[in-house]
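Input: a single structure, listed below in structure tokens.
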Amino acid sequence: MGTGTLSSLLLLLLLVTIGDADMKGHFDPAKCRYALGMQDRTIPDSDISVSSSWSDSTAARHSRLESSDGDGAWCPAGPVFPKEEEYLQVDLRRLHLVALVGTQGRHAGGLGKEFSRSYRLRYSRDGRRWMDWKDRWGQEVISGNEDPGGVVLKDLGPPMVARLVRFYPRADRVMSVCLRVELYGCLWRDGLLSYTAPVGQTMQLSEVMVHLNDSTYDGYTAGGLQYGGLGQLADGVVGLDDFRQSQELRVWPGYDYVGWSNQSFPTGYVEMEFEFDRLRTFQTMQVHCNNMHTLGARLPGGVECRFKRGPAMAWEGEPVRHALGGSLGDPRARAISVPLGGHVGRFLQCRFLFAGPWLLFSEISFISDVVNDSSDTFPPAPWWPPGPPPTNFSSLELEPRGQQPVAKAEGSPTAILIGCLVAIILLLLLIIALMLWRLHWRRLLSKAERRVLEEELTVHLSVPGDTILINNRPGPREPPPYQEPRPRGTPPHSAPCVPNGSALLLSNPAYRLLLATYARPPRGPGPPTPAWAKPTNTQACSGDYMEPEKPGAPLLPPPPQNSVPHYAEADIVTLQGVTGGNTYAVPALPPGAVGDGPPRVDFPRSRLRFKEKLGEGQFGEVHLCEVEDPQDLVSSDFPISVHKGHPLLVAVKILRPDATKNARNDFLKEVKIMSRLKDPNIIRLLGVCVQDDPLCMITDYMENGDLNQFLSARQLENKATQGLSGDTESDQGPTISYPMLLHVGAQIASGMRYLATLNFVHRDLATRNCLVGENFTIKIADFGMSRNLYAGDYYRVQGRAVLPIRWMAWECILMGKFTTASDVWAFGVTLWEVLMLCRSQPFGQLTDEQVIENAGEFFRDQGRQVYLSRPPACPQTLYELMLRCWSREPEQRPPFAQLHRFLADDALNTV
């Protein structure tokens, strides 16, 4: 072997060895994924700030991933839709490469439901200039959480070099969101703040256009120059040997490289400048280059670098020169190492000499050490208080104080004092205006013919867990399984005090939609207060919940016939069921009324075979199951009927084993209540499984599913005189007759008549909560709220709960009063659904906010309220009955006994 050949082999081996060694100098973002300190509290509370918070219990310090402090997360004070200006800021104190973020909603041990389905990120390296993070395709929005408890990790491609990071939660409608976060990455030891370079160019090849631009650069672009930012040359991604290929998926040819043609640079070099965070001693610069010389890409012919210590200083001395020569041998991409000789500086200017048609770089990194000279150290970035970062920095003076530099604005103390006084005066004027407004409201109420007691006006968008006022007093309450974050100013673990109903009426955000003019109370003389009614509870603001009294006499002694209103209101308790909100509001029972424990009708769990999940909620799920060998269970213990050859379908409500103690107690109470219901048009409790977890209750389920889906799949027969013969087939599919629709409505009225005799209030009567069995048998159920299919029928109130406002009487929406009369209103809407064959949602032309405003029109009673239109198949007489169901005055609505009698006997005569 000749000497020349041996020398060539040694040179090639040296180049490969140097290239491999130099590759180790480029950081690997895959190894830069350490938690940066939110969860383990390495990041102190003082370095976490927010634009606003709902209360102290949802302040910035509670935003740590997997933390359950306070109310369980950071929750902004206002809605994030549509402006998306609320943010959570984390100060990392030093530059870090952030490669991954984790988010979580507010779970709070099962009490919270708020989370953010998507969010944006902004970041800053100096506290002054903020950049929007974008992925490699220019998208800013990051998908977030689908539930409040799960942690969702998102890779950031490209990663961002930042000291301060802001999370901006997003929503597609007005709703509450809460957030917990963690950042993952590592310390940015390069210290590179920005680089300045010519804009990358496009290479025209015969088969493809190769775009060699810096697509992730986060600085400015002007005059063919990119400056003030970082991009692909500092993202840790090293290009492949063939620059037309890429490490990333779904990107264009040349994505990994930034390149320039020598034809565009008559000087024969590309000049770049690099700015660092502080004064450094530079040992080596490593540049990863492409050398696919068959397509024109060559290594640089040489590199010249100069240094300076400050932005206003001149470049120091002679440049450091390093000749490379541009290899025509090995076409593989490689990292070249440029020795910098230990020069000191904070700014570098490097010129890369062309040795061929193109220069292509994918990564540039530096090996350097920080100079421990405080006089030359670049000061750390200022910390900005919550709010938009200032845009004019000419008047800012940086004063380090301890470990936290602050931005101090030069200003006159007199101006600050005047501003404070103006703010105080405006606040006092606002308080006076609110007091006058409240006083005027009280006068209006006192002048009305029918007095509405303040304690009766618990006027807010009522949720299923709210107090329901019966006989002007709240029913006994259980601690709700879902709790919204405590109001601002309320100390932890204290119950919010409700001063009076008028204040709630005036302060309710939803009610602001309604007060275009002053409302007046309902007209007509009010009924005298029954002598047996207890006085209004004056301790409603105590920290404890009321317990039901233990009467020795019957719960509700019958009053004189002429002393009660048309609809009596009973003492009730509300239960939070498996799915987070049971629909029934039921009478408060004296001890021993239904036994001390759940009925001992233990259903054999092994006989249940899962078919599908009907719905789910906060504390459990509702499953559709089939009972195996049901004929063996036919006995007095299990009220089931089995038809030979037909499977027995049941609905199984399952309580999660980790449910709270309150949820378990409510579950057992619901079992007791359900065991009292025995009516052919109400679903029955067939049995329970309470010996071990998970607790289950088994109820009827009908083979034809819910009434909404059943009717929407059918057409109305043309012959209105068709008898009760059921379904028939036509060319358009199954049909249903008008008499059968009346039969359906009569069965619903019959079931509700039975509930009314027990003083049960359903609160969510709709076709989605009615089940259809054999021969058009209708049974009223209560788990429609848990089904995702009907999520659009419910309105979320400030992230707290969901309400079927399109079916609710105006007094339910505005005053939280649920009575049998409000169920009559919902029955009228349900009957409208039946006659429309469930083709349309009630008030489908109105938004949710307009429906609430329409409830306000009923309250004001100025003739501007909107009613549901008459269905095409509905006779005028029947429509007039429906309008009576929607009477403004609850006592003017027909009772269910009258509704059932009309639909069962008289309705056909009106056709």
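Each position is counted from 1, following the chain as shown.
Each Cβ is built from the backbone N, Cα and C atoms, and glycine gets one as well.
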* Structure fact -> Correct disulfide partner for CYS305 among CYS289, CYS350, by Swiss-Prot, is CYS350
* To do: Check Swiss-Prot and name the cysteine among CYS32, CYS420, CYS497 that pairs with CYS186 in a disulfide.
  => CYS32
* Structure fact -> The residue that Swiss-Prot pairs with CYS75 in a disulfide, chosen from CYS178, CYS289, is CYS178
* Relative to the Cα of TYR794 (phosphotyrosine), which of the disulfide-bonded residues CYS32, CYS75, CYS350 has the closest Cα? -> CYS75
* Structure fact -> Going by C-beta under 8 A and a gap of 6 or more residues, the same-chain neighbours of CYS350 (disulfide bond) are GLU271, MET272, GLU273, PHE274, MET285, VAL303, GLU304, CYS305, ARG306, VAL338
* Counting across all protein chains shown, how many other Cβ atoms sit within 10 Å of the Cβ of CYS75 (disulfide bond)? -> 30
* **Top Cα neighbour of TYR795 (phosphotyrosine) in the set of recorded positions CYS178, CYS186, TYR738** => CYS178
* Structure fact -> Cβ neighbour count within 10 Å, max among the disulfide-bonded residues CYS32, CYS178, CYS186, goes to CYS178
* Residues that sit under 8 angstroms from TYR790 (phosphotyrosine) by C-beta distance, when 6+ apart in the chain -> ASN708, ARG768, GLY784
* To do: Would you mind reading off the Cα separation of CYS186 (disulfide bond) from CYS178 (disulfide bond), to the nearest angstrom?
  => 27
* Could you state the CA-to-CA distance between CYS32 (disulfide bond) and TYR738 (phosphotyrosine) to the nearest Å? -> 69
* Asked: To the nearest whole angstrom, what is the C-alpha distance linking CYS75 (disulfide bond) and ASP764 (active site, proton acceptor)?
  -> 30
* To do: Determine, from DSSP, whether TYR794 (phosphotyrosine) sits in helix, strand or coil.
  => coil
* Hey, what's the Cβ neighbour count for TYR794 (phosphotyrosine) at 10 Å? -> 19
